[in-house]
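Contents: one structure, followed by commentary.
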Amino acid sequence: VSTDVNTISPELPAMFDGMKLAAVATVLYIIVRCLNLKSPTAPPDLTYQDTPLNRFLLKSCPQLTKEYIPPLLWGKSGHLQTALYGKLGRVSSPHPKGIRKYLPMQDGATATFDLFEPLGDHRTGDDITMVICPGIGNHSEKQYIRTFVDHAQNDGYRCAVLNHLGALPNMELTSPRMFTYGCTWEFGAMVGYIKRAYPQTQLIVIGFSLGGNIVCKYLGENRVNQERVLCCVSVCQGYCALRAQETFLQWDQFRRFYNFLMADNMKKIILSHRHSLFGSSFKMMDANLSRLYTATSLMQIDDNIMRKFHGHSSLKEYYEKESCVHYIHNVNVPLLLVNAADDPLVHDSLLSVPRTLAAKKPNVIFALTLHGGHLGFFEGAVLFPQPLTWMDKVIVGYANAMCQWEKQKPPCHIV
C-alpha cells in the first residue's frame, strides 16, 4: 500500500490552534498579573483614634473614606503609576506664576523658594499659607508640584515651595553643601521668612517623599517649629532611612533597579556642582569623583559624599540623625500620613512606623491606599489620567477640613 508523504496529519492544525490559544492565554495572564487587573478598588485603609477632630476630618474630607479608583487599564500597577509620575509628572500641567526668593544661610549657602499668591479668597476668609517640601532632587518647576500649587491657589491658599539646595538647574551653589535626606535648615529658613512676612498667616506643612521626612523631622525637632501650624501632611515617605536602605538592596518590586536610577539622578546633580562642592583641589576632587562614578546605589553616594556635608562619622549615624522616625512622636499638630501599598520604593516593613504612631497618638491619621505607586495616585476612567490626582484632592480636602474645624472651634477663654 503506498502512502503520500505530503499528507498532513489531521491532528496537526488542531495542535497549532491549541498552541496559539495557549500562547494568547499566557500573554493575557502575564498582562493581567503585571497590570494587577484583578486587584479590587477600595477606600484607603485608615488607622486613627476615635476623637471629635478625627471624626470631623473623615466626614469633611470624602477622599479619605471613598474608594480611590485608578485608571482601569494600568492604574493598578504601582510600577506604571510610579513610572508615569517619574517620566511625565502630570498631564496638562499648569504653569502657576510665582516669585523666587533668595535667603542667605549662615554657612554661606543660599536657600531659594518660590512664592505663589492665592488666586481667590479662602473659603474661611483666613490667610493660610501652604509651606511645601518636594521629593528628592525636586523643586517648584516639577510638574507634580505645579499641578498641586495651581489646585491649592484656586482654593485660596498661598503656597511657598522649597527648591532643594542644588536641585534647580542653572542655579549655582554658594557653599560646599547641597540638600541631604534630613537637613531642615533651608525649610526652616523658608518657614521663618513666611512667618515674618505674613504675621497673620497660619501654616499648613506639606512634604512629598523625602520632603515628608524633612517636614516631620522639622516639626519634631523643636516645639517652637509647630507654632502657627494648623496641620501637616506627608505623602509617600519612608520614615526610617536605616531600615529603608536594607530594603533598597533587595530585588523584589525591582527596588534595586529604582535605587540605581535614583543614584544616577543624584550623580548628575552632584556632578553639575562638583566645583562648588569639592573645591579647587584636583586631588580631593578626583578622589570624590572616582567614588561617585563607581557608585551604583544611593547608599554608596550617601556614604562617600552626602554624610560628609554635616560631618557624620558613618552611614549609620547619618541615617539615624536624619530620619524623622526619631522626631515624629514630638509632633502634636494634626498629622496626615499617606502611603500606597503598591509603592515600589517604600517597603511594607517601613509602614509599621506610621501605623503604630496613629494607633498611639490622637493627632495622627494614617491612610494607606491599595494603589497609587510612588507619588502617582492618578485618577481616570480607562486609559487617560485626569490632570488632578487623588493626592492633590486629598491634601486640599484635608486642609479645607482643618481650616473649617479651626474656624468653628470656640475661642479659648483665659479665666
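Every residue, even glycine, has its Cβ placed from backbone N, Cα and C.
Positions annotated as domain 'AB hydrolase-1' by TrEMBL: 129-381.
Listed in sequence order, the residues of the same chain lying 6 or more apart from S209 (active site, charge relay system) and placing their CB within less than 8 Å of its CB are P134, G135, I136, V235, C236, Q237, L345, H374, L375. Annotation source TrEMBL lists active site, charge relay system at S209 (among others).
Residues or ranges marked as active site, charge relay system in TrEMBL: D343 (among others).
Cβ neighbour count for H374 (active site, charge relay system): 25 (other Cβ atoms within 10 Å of its Cβ, all protein chains included). Summarising the annotation, TrEMBL assigns active site, charge relay system to H374 (among others).
All protein chains shown were included, and the count of other CB atoms within 10 Å of the CB of D343 (active site, charge relay system) stands at 26.
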